[in-house]
Structure formats: C-alpha cells, structure tokens
Amino acid sequence: MYPACTSVYPTGDGFERFSEKGFCPEKPYRNFLDGICSRFLDSVFYIHTIQCVIVSLMYFNGNKGKYWKILFVASIAGFFGAVFENFTVAYVCREGDIHKKRYHIVTFLLAEIFWIIIEYSVPFLNLNKMKVFYNGKVNKSLEYILKVLFFLFACSRLFIGYERMMSGLLTTSKTKYGHMSAFGVMALADLICTVWIISYVKVNNKKSKNSDVQQYIKRSCYLILIFVDIVSIFLAIFNGFTELFNKQLASSYVLPFHVIKCSFILILSCDALLFKYNLQKNKLNKNFSNNDKNENDNSFNFISNCTTAALKSIAINNDTTKSIQVIDKALNININTDITDCKK
C-alpha cells in the first residue's frame, strides 16, 4: 500500500520509504509493536506465519522423511523471511523513526536468503519425489540442470535484495525485472520436474493396473504440478509486463499469483498428507479384503466338512433325518465354531 502525501513525513534522500513509491502507511505506526501487529494485515506475512505453524504441527505429529524435512525447513525459512521484511517495515515506519535518514536497509538483503530457500524448495521437493518414484535412480543430468537453475535463481533473488537494500524500497523497476527473472527460472525448473514426473506416471500406468493409489498419484501430480507451473509462469509474465506497460496494466495484477505462490509449501504439505491418508486407506481396504476372503474360505471348508459328515451318516447309518439336521446346522452355524460340532 503506497502512502498518501502528508505533511507528517519528510522528503528527500534517505526518506524514500515515505514517498509514493515507498512502503510506509499513510500514518506512521505509534511504536514497533503497533507496527508488527499492523503488518498482519499484509496477507503475505500472515500466510507465512500460519503456514509455518501448520506445517510444523504436521511434521512433529509423525510425518517424517526427507520430503517432510524439506517442507518443514522451507516453512521455517518463509517465516523468517517474512519476519525480517515485515519487522523492518514496522521499525522504520514508526513515529520515532520519521526523521532518521535511511539510505540503505541491510535487512532487506538478509531476507532474500530465506526467500531463496523457501521458493526454490519446490523443485527440490519434486526432485525428491522423483527419486522415490524411480527408486533413487534419477538422471544425473536432471540434478545438474536443477543445480544450475538454482544458481541463476539465487543470483536473481540476491539482485532483488541488493536493489532493495541500496534503494531503501521494496518495489522498484529493477526489483520487478529481478522477480521476472527469478520466477521465470523457477517456472522452468518446475516445468522440467513436471515433465519427468508425469512421464513416470504414464509409463507406470501402462505397466500396472490403476489402483486407488496409482489414481491418486496421477491426479495429484497432474493437478498440483501443473497448478504450480501456471502460477510461476504468470508471476514471471506479470512482473515484467506490469512494469513495461505500467500505464495499461496495474501492478495489482501480480498480487493474486504472488499470494498463491507464498502458499505453495502449505499446499504441498496438504497434498502429501492426503497421499499418506489415501495410501493407508488403500492398505486397510486390502487387509479387510484378505480377511473376508480367508473367512469365506474357512466357512466353505466348514460347510464342506459338515456336508461330508452328513453324507457319511447316510451311507453308514442310513439316517436321512439326522443328515439333514447336520447340513442345516452347517449352513447357519458361526464360522468360528469347531468342525467337530457337526459330528454331534
């Protein structure tokens, strides 16, 4: 939210944060605590906070493994990135800081370290998923490509942080082009992973019948991966186009995609939890199916033995009435009853 011009704020070098391009509100925060509480109105700060809480709760309640560790670390990184950025805004926009010149804001650069971790965790999560699907055998060239793209992504994000630090602003023309570059690289990395995973699903479906788990893997991969790709692509496009054509396109067009991107870790965590639930449900259904089959087999054997006993009674004792009673008992008796009961 850009501040309105008021007589409260000074202007000139070192006070850019109070200008129309700045990030301070129309009225300064009363104190640091007031600033922090007010920043919760910012959806990005709120999302990273609640995302960290929910993912941590999932992680510490039995969801272990490398995939969940990456999700947990990413959520923590996102929280600290949001803290560095929003706490800085809360501090430099308070009443006691109005007349202090701030030519450079170093914490904006430090926040980028955490943004790098959380944002590029998605391609590494997909890489880990592929290792599981391919039993640990993933093409080395793919890992190399993702590492090269990570270097390019990190450079783009550090460029954004440097520009923010030097200008004392969160958004400038250079930061928008930096975001276009960063999100474009991330979209490319996600797209490469998507192609590999979907190709696995197609090949695996040809080799085996579609079980509930296979159907879920297919549906999950297609929906989530393609969704992530689309959001990343639109983020890259709109960050560049809203700056190139700023008179025709409003900068607010970026916000919906940016907010969704901030929720990627929470979305992937919920998807992983649903996959685990579906897997356990499928396993439980198979156990019930096997138990029913065993019970039916026992029941059949029981009835068969009782019927044999009845036929023997006919052959030996020529007692048809007793034999009919034995057969009737066999058809109605509990399957757990001992077979010898039929011979009474």
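Note that Cβ sites are derived from N, Cα and C of the backbone, with glycine treated the same way.
Record features, source TrEMBL:
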TRANSMEM  43-60  transmembrane segment
TRANSMEM  67-91  transmembrane segment
TRANSMEM  103-123  transmembrane segment
TRANSMEM  144-162  transmembrane segment
TRANSMEM  182-201  transmembrane segment
TRANSMEM  222-241  transmembrane segment
TRANSMEM  253-275  transmembrane segment
Find the member of 43-60, 67-91, 103-123, 144-162, 222-241 that has more C-beta pairs under 8 Å to the transmembrane segment (253-275) than any other listed stretch.
43-60
Do any residues of this chain, six or more beyond the ends of the transmembrane segment (67-91), have a C-beta under 8 angstroms from a C-beta of it, and if so which?
23-24, 29, 32, 34-36, 38-39, 42, 44-45, 48-49, 51-52, 55-56, 58-59, 97, 105, 107-108, 110-115, 117-118, 121, 124-125, 128-129, 132, 170, 262, 265-266, 268-269, 272
